[in-house]
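Structure first, then comments.
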Amino acid sequence: MGCFFSKKSKRKSAEKENLTPTTTSADTAGSSVPLGNNTDEAPKQYSWDKREKADPKDYTLTGLKDVTVGRLPGTLDGKPFVIQDCENCNIFVLDHTATINIDDCVNCRIVFGPVKGSVFFRDCKDIKCVVACQQFRARDCKKMDVFLCCATQPIIESSTGMKFGCFQYYYPELAFHFKDAGLSIFNNNWSNIHDFTPVSGENNWSLLPEDAKVADFVPAPDPESDFKSVRISTEAARSIVPLTKGGRRKDSEESCLFVFFAGDYTTANARKLIDEATSKGFVLIQTKEVSMKPEDARRVFQNSADDLVEWINKGSVTALELNGDGAVEACKTIASEVFSGTKVFVSDNKNTSTRDVDSFFNFADMQMGL
C-alpha cells in the first residue's frame, strides 16, 4: 500500500534537500538562546494571578461620625467586614458576608444582611441594630437593642443593658442572601440568650416589648443617601424571617405542632399557614428546620411515624408551634382546606399536642446543639 503526502509535505522535503543553507559558527555566535530562557515567551499565568486584588478599604468602615454609610447588595458577596470607631452613624450592610466584627462604636444604628459566621460586638455602647447570623456574640458592651435572627444560641459576656427582639426586616435581595449565607429563616433562637458572666440579683439582658417596631429603633435610610434605591420595609408582615413570640410567656396552655416536609413550596406553604393562623388570632411561638432520620421520626412522631418515613427521607422538615385556645382544631381545619394536596403532620388533639411540641422541638434543639 502506497503512502500519501500533502503538497505541503513535498515542498518541505524539497526545501530540506536543495535549499538548506550552510551556516558557520560565526553566524550563530551570540544569537542563540539557551532552552527555557526564551525572552519572547509570555510568563505563565495562574488562576490566583487573575483575581482582582481586594482593597481593604472596601471591607472596612473606620473612624466615621454623623454619616449614613454601608454597602449595597452585591458589593461584598460573602467577604468578611469590619466596623470600628464609629459614632452617631447609620450603617446599612445590605449584603451577605462571612463574618462581621464591630469594635468601639457608640450611638449607632446598624443593619446587617445575613452573616454566614459570627457577628462580634466588642466595647460598643448605645447601639440599635438588626442582625441575621449563624452566631451572635457581644463582649464588654452596654445598652444594645438587637432585633436578631440567630441560628445558634446568642452569647453575651461582661455586657449590661442588652435587649433582644425578633428580626423584622425586608429588602428584595434578602431571601437570596439568607440562602447564600447558608441560613434558614426558620432557625431563629433570638430569645435564648446565654450570659457568660451573670451577676447575682441582676439581669444583664431582657427581651424588648412584644410590640417593639424596628422603625422606632433603626429608621430607614435617608432618602438622599446611596440606599434610596433599595426598597426596605420594617413591617413585621413583610419580614423575611417569621415573627415569633420566642421565650415570652404563652397566652394559652394549648399549642399545636404543624410540620411540612421537603418540597418545592415548603417555605411558601409555611408562610401561608402563618398568615392563615395569625389572621384567626393564633400566635406563632417558634419554628425550626432540621433533617431527620427514620429512627428520629419514630421517637418524635410515635404512632404516626411509619406513614412519614418516606417523606422524611426527601429532605429537611419545617415545624411550627402555634398557640391559642382551639389551636389544634383550627390547624386541622386549615390543613384540610388549604393544604389538602400537601403532606403535613398536625397534632391530633389538644391532650397530646403539648407532647408533640415538646418532642419535636427538644429533638431539634439537640440536633442543632442548643
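Cβ coordinates come from backbone N, Cα and C, glycine included.
Those TrEMBL annotations? Automatic predictions, nothing curated.
TrEMBL lists G117, S118, Q134, Q135, F136, R137 with the feature GTP binding site. In the structure as shown, the Cβ atom of G117 (GTP binding site) sits within 10 Å of 15 other Cβ atoms.
Residues annotated as compositional bias 'Polar residues' in TrEMBL: 19-40.
The domain 'C-CAP/cofactor C-like' annotation in TrEMBL covers 43-198.
The N-myristoyl glycine annotation in TrEMBL covers G2.
Summarising the annotation, TrEMBL assigns S-palmitoyl cysteine to C3.
The region 'Disordered' annotation in TrEMBL covers 1-49.
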Checklist entry - Taking the centroid of the Cβ atoms of G117, S118, Q134, Q135, F136, R137 (GTP site), which other same-chain residues have Cβ within 8 Å of it? => result T99, V115, V119, F120, C133, C150, T152
Checklist outcome for this item: Between the two most distant Cα atoms of the GTP-binding residues G117, S118, Q134, Q135, F136, R137, the distance in Å is 11
Checklist outcome for this item: Sequence-ordered list of residues in the chain of Q134 (GTP binding site) that lie 6 or more positions away and have a Cβ within less than 8 Å of its Cβ, or none, is V115, K116, G117, S118, C150, A151, T152, A181, G182, L183
